[in-house]
Structure formats: structure tokens, C-alpha cells
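Structure, as C-alpha cells:
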Amino acid sequence: MSDDNKQDFKKGISNSFVWFLMAAFLFALMVQNFIDTKFAKVSFSYQLEHLVNLQLLQPEDSRKIALNDNLVTFSGKFRDRLTEEGKTRYKYLELLDTNHELKAEQARVKDEIKTLKTKVFDSASLFLQLSGLSIPKGGYVVVDDMYNTPEEDQSVVIKDLPKSAVESLVSLEKEYEAARQNPTAESLKNLGNLINELLRNLRSPALGIGSETIKQSLKGIDKEVADSGATSLSEQLAAYGHALVNLKAIIDELNHEEDHIRLAKLRSVRNYKETLDEYNQINTRLDDNQIQLDKARQSVSNVIWYFNNQELSTKALEKQDPEVYNQWFSKAKEEWANFSHNRGGIFRAPDQPLNAVLEKTFKSEEPSPNYFSYLFTLLPVLLVILVLYMLFARQMKGMGNTAMNFGKSPARLLNKGDNKITFKDVAGVDEALEELQEIVEFLKNPQKFTSLGGKIPKGVLCIGPPGTGKTLIAKAVAGEADRPFFSISGSDFVEMFVGVGASRIRDLFEQAKKAAPCIIFMDEIDAVGRHRGVGMGGGHDEREQTLNQLLVEMDGFDTNEGVILMAATNRPDVLDKALLRPGRFDRRVIIGLPDIKGRYDILKVHARRIKMDPSIDLMAIARSTPGSSGADLANILNESALLAARKGRTAVTAQETIEARDKVLYGKERRSLEIDENEKRTTAYHESGHTVVGLIVKSGDPVDKVTIIPRGMSLGATMFLPKKNRVSYWKQELHDQLAVLMGGRVAEEIFVGDVSSGAQQDIERATQLARSMVCKWGMSDKLGAVAYDERSEGGGQYGFGDHHEKTYSDETAQAIDSEVRRILDEALAIARKIILDYKEQVELLTLMLIEFETLDSEDIQEIVVKNNWDAVRKRERLKRAADLHKKEAATPPPPPPREVDISSSGTIPNTLGLSS
């Protein structure tokens, strides 16, 4: 009987109810623990500087546990109330910050006064010229010396006037008297023109009358003079006389002295007086602040402050950079304001870097295991796992066959406001942005186009090499229009299940129609848009079914629904023709590699977030990176920032940008490659030959640098800086370029007495260039302007590349070979003559390359052209470049006592400054 009762009791209580009781009990324990303890907001070690400086912590409760040499876990407790010493310290810091702000404001206003004073001189001089007033012996005083300060002369006195042809009121009065005695139509017409000219000058911005009453008076006089032109001579004369009387009254009103200032109704004078008043107010506030600061300084004269991981005296704290101090004080102000919340609270911060505050003020202790805290740490995780298990178990019971839900589109959606990229973040592709501006206008205001019966392009295909910003432009279009943006890759439609790709296409367009107007961006569309009928499955493979569905969706949805498909590819030649026809992708935007201006604009965009030295010339970087994409340029600046950080600099210098450019474009330096002295000397002669010939030829590009440091697959390199965008080649330029290519081989022959295989690439490039001159560009006098290089476009149905067909006779082939040989021999002769003429410079350049390994354009000019080379000056330049923006080494801690107990810590303090 008892067993039956037990079974009935078990049946009455479900497992879910038991789990609920356990979870409720554990949750109650957690809540009780959190209610009894007040936690403070301290998470980082840099906060401790302000907490210790302002005496917000109880020193006896401040402890740290060392995890390793650099990381600690610290804990502590806030005081229950502020100390008087802490209030005094905060008052001093606040006064010092205010002092910095007032001094900066004083300097700004002082500069503004200088600018306004010049404007007052100009407007007052123009007034004297227009009024005809004579300058007194002591000068015409605009602003009295009452506004002078012991340091600055703020008065404005005009002692002479510049020569000018403007008519004055005095001269007009004389003209009026002459016309009144003998009034004629000609004299009155001349008088009216002079009065109009005077009115224009008085109403001009150069004089700048700021009184609205005077402006209206001048406007009325102008109208009166204009209306009198159609009246009789006597009426004209009377109107002109009345106008001159009114102008005289206006001149007297402007010349009236008020509060030791004349011309107070001119904007320049009024602004000058207001700025003077502001300057005096700032000086008064600064004097009051200085008195309070001097008094507060006496109370904290013996305090040692923790400032950005340094220990500073009060005197040293006041010498810190005001901007750095302001940022530091803002954190202290925040901690001071948060004390009301943190009062009496405890805190604990794990895995924080060790700093001076932790080292000096926090007590060290050994970590003690707290198994009860482990339980509360793991308890939330266990509860989350339990809840997730119950949710998934319930879902799996009702899912059935819908578990394999592969037909949904995996497109990622950026809603309005999430996409912060606009056209301001895109540079170097101005033509592409102009093409896409119409798309943005449609997304912002569709009715503007549809009301007139116009149709917006249904599809936009962005074509360009990798890294030119196709995806970025698509995001910018969505961000500029502030519309939803669906992004997906062409490979996302390819799956192992039949029909998944077509299903995802349908689902993608359904989602897009619900969010219209919007943009669908399909990256690498060639993954699904290739020519049909060439796959492994004939016309029935999965990719072609996906393409067919895409074609139907593009041709099926209406433009008024506001769904625009943008796609990107760098292989437009493999796309299906049906995909490219008008009505689908009916607008193609070519995004090519940027030119010099484009590269410069791209560099400016990426340089915004990098702290760079002002001496860096972004245009020089743009000029030295022909053929680079936007991604390459961004990588160059990122590499330069990493190099600067590795060298311990506070800002990126020109040296890092050059190293980063060479690393990205030519490969990383291989300094570990073992090269004997003979090989190094031969490489130096080889590169010196290239350099000297490149400098001497008439049409060569300037030499940027020469190096014998192995990089990539080469043992050395001579780098040139193009003067302009290369859109075409001239015959003389090509001959000079061939001579430069032959310069390295000629230098080896002359100075080494032998030739090496290092000139292999030079000979290949020279031969290819000479053959192009003969066969493609018609630059051979013997063979004439005939193209012998017949190219057949491949890459069609079977994907074969381009191939060349020989369409000329064997005799012509021999003539081509002999002409190519002649051009190369001429280039060899030119290079040999230049090397022999500049033999001494080649020798010196070789020696300096062996010593310094790399020479820049300034060094090369001094050696080859100017003949004023100084190796000492070169070493000084290298030292200055190495020390530029170097971080100051931290002050080492004081040495420990002579007897050190290492039994507790297990380590010996590092007193020699050696890195561990």
C-alpha cells in the first residue's frame, strides 16, 4: 500500500517542476548574494590613477594578485565619504584645467584682434576717402588708447591714406556748387553719376555699415537720385542738393565719437570693440583663476601625482601638455562624479596590465581558492545551457521535415541607419560615382522618375580589377540613399542539393520586394552567371538552373517596385549574354585602377584615421604606386602604421611609408639571404649602371631610390618615380628606357669584366619592348607603320586564352629580328657611352651602395649630378629619420635594497633595464 502511494506521488510531480524548483532556489541564492554586496564600477587599471590621486579608495583594502610579470588582478573598496584632502586636490586639478582653457582662449582672441584691427584700418581709410575729411595732425583716432593694455597697443589711429581715385563728399559739394551756378544737362548728368558712385561705395561691403537705419537712409537717397533722372533740370538740381545734405548728415553720424570710439556703426569697428571686451573679460577671469590656483597650489605642493603611468610633482604636473592634461583630467572628473554611485562599494578587475599605481599603492597577496565563488561563476552558464536545451528539445519535436530548410536566402541585410558608408568614403572613381548618382536619386525619390514615365535601370554591373572598390561603392550607394542593403555572394547559391540555388534566388527577391525601395548587391556574380551550355552537366547543371531563375526574376519584377540589383565582377567576358542584355544589366560601371589624382584622393581618405607626420607627401606616394588599386593603397598605409608602432614611434613618418610601399609592391626584404662580397659588389655595379643611365637620358623617369637589399626574387632594384600618368609611350622615351635596362649589364662588363645572369629580367623586358616597337607600334623606319602582331581573341566557349597568328613571310620575320637586334644594339651603345662618361660617379655610387645598401633620390643627385656628396651628412639624415617621433623611454624604477628576499616572489627585480 505504501509503495502505491509513493508511485502516485511521483506521478503527480513532473520533471519540469523539479527543475523549476532547483532553478528558483539557485536563483534566490544568487539574488541574495548580489543584494547584500554593493559593487563599484572599476574595470581598468588606468582608472586607479584618479582614484588614488583623489583619495577615493581605502588604502588598507587595496590589494593585487600577480598573474605574471605584466598582468595582475586587483581589488579594493571605495570610501564612504570624501576626504578634505581629496576635495582640495580635485579643486586644484579643476583650477589648473580651467587655467589651460583660459590661456588657450586668450591666445585665440589675441589672434582674432590682430585680424580685426587690419579690417578696421581698411574700412576707416575708405570712410575718410569717401567723406573727404582731413586727417588731424595727430592722426584720425578710430579707437582711443583707453583700450590699450600694458602688453598690447589696441588703439587704431590713421595717419595717412593710400592714393585712390574714389570721389569724396567734399568734392561732390564743389561739383554741385558749380552745376548750380551754370546748370546744364551734361553737368547734372555727370553730377548724378558721381553721387551714384558715392552711394555705391557707402553701401559696399568694403565699408560695411552695420546700422540698419543708415542702410535704409542710403537706400532712400539712392531711390530719390534715380527717380530724379526723368525730371526737369531744376528738380534734378534740388534733388541732388537734398541728397548731398542727407549724405553729409550720415557722414556726421558715422563720425560721431561714442565711448572713445569713432565709426562705431561700421561692422568692422563694432566687431573689434566686442572682441576687445571679450579679451578684457578673459584677462579678468584669468587673473582671478591665477589667484585661486596659486592659493590651491600651496595646499598640494608636496603631493606626488600619478599621471599617465608616471609619478610627477605638482610643479612637473603643471608643465605637461595642456591637451594631454585635459584628456587626463576628463577621466578624473568622471571618476569624481561617479563617486556618489561607487560610495562604499567594492570592485575587482581581473587580467589588467601592471602600472605605477598598482606597483606603489596596492598590497600584494597570494591567490586563494574560493570554490563558492566558482559555483556562482558557473551557475549562470549552467542555467543558460539548461534553458537552451529545453527550447531546442521542444523545437526539434515540431520541426519534422522543415529541419532541412536550405532554400532560404542567406543574404545579409543592412537596414537603414546601419550602413554608415557614403560617397565621402569613396575616392578615386569620380566617373563611377556620377553614374550611380542617378540610382541614389531614384532610391531617395522614386516619384521624381515614375511621374514622368521614366524607367530607372533595373541592374547595375560594376566591372573592374580586384581591389578597386566595387563592393565599397555598392555600400556607399545604399548608405547615401539610406535604404536597406542586401548583400550576397555568387557562391552562396551553389549547394549540393538540386534546386537550392533557384529557391534562394526567389526568396532573395521576395525579401527585397518587401523592403523596397532597396538594393541587392551580388558579389562575384560570375560564379552563377557564366555562359550556359559549357558545364559538366550540359544544360542541366545546378548553376544554370540558378542563372535561369535569376534571369526570370530580373526581367520579371517591375521597376516601380524599387528593387535595384547591383553586381560586381572582374570577369565580364565569361558572363552569359542574356544576363548583360538591356532590361537586365542595362548599365555597366567601369571601375578601373586609379590614376595619380585618384590614388592621391584614396590615400587622403585612408590617412584620416592614421596619425601621420605632417612632412609626409601623399602625392609622392601616389606618384610612386602606378597600377595600384585602392586595396593596395590602404594596405600600404596600414603597413606603415604597423611599422611605426614596431619601431616605437608616436606617428607614422615618411620612412615607414616608403618601407611599406616597397614591401607591398616589391616584396619583403630578405636580409637573411647570405651573399658574399663579390656578389654584393656585382649587384652594386649593376644597380649603379641602371641609376646613372636613368639620370642622364633625356626622357627617363626620375630615380626614386636604388638598393642592393634582396627583395622578392631580385638581389637589388632601381626604382623610378613616374612624372605623370602613363597613357601612351613615345619613341624617344622607349629608346631611353631600353638604354636604362641595358645600363646594368654594361656596368658589369666595364667594371667587373664579366656578365652575370642577374641581367636576365632586364634583357627579357628590353627584348619584349623592342619587339613591341617593331611589331605593334610601327616605330621602325625600315619596316614602316605596319602591325605584324596579329592577336586572336580567345576565352570563348572553351575558355582558351589569347593566341597569336603569324600572318607574314619568313623574310619579314628575319627583318623583324634584325630590326629588334638593331634597336637593342643602339640602346647598348648609348648605355655604354653614358657609363664611360660617368665612370667616376658609377664607382662612387657603388661604394656608397655597399656601405649604406640603400640610397634615395637626394643622395643620387648629390653623387651623380651635383658632385657634392658628403657621407657624414647622409649618416646624420639617417639618424634624424630614425629618431623622428620616437617615444621617450619610461623612467626606470629606483634600485631595490642590496639584500633581496626572493623566496616569496621567486623572481629577482630587473634593475638593469634589460627586457625579459
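Cβ atoms are placed via backbone N, Cα and C, with glycine included.
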In Swiss-Prot, HIS686, HIS690 are given as binding Zn(2+), so which of ASP613, ASP617, ASP754, ASP762 is in that site too?
ASP762
Within its own chain, what residues at least 6 apart in sequence put their Cβ under 8 Å from the Cβ of ASP762 (Zn(2+) binding site), listed in sequence order?
LEU741, MET742, GLY744, ARG745
To test your reading of the Zn(2+) site: which residues beyond HIS686, HIS690, ASP762, same chain only, put their Cβ within 8 Å of the Cβ centroid of those residues?
GLU687, GLY689, THR718, LEU741, GLY743, GLY744, ARG745, ALA747, GLY758, ALA759
Over the topological domain 'Cytoplasmic' (393-916), what does the predicted model average in pLDDT?
75
Cβ-Cβ neighbours of HIS686 (Zn(2+) binding site) (radius 10 Å):
28
Chain-internal residues, separated by at least six, CB under 8 A from HIS690 (Zn(2+) binding site):
VAL706, THR718, VAL740, LEU741, GLY743, GLY744, ALA747
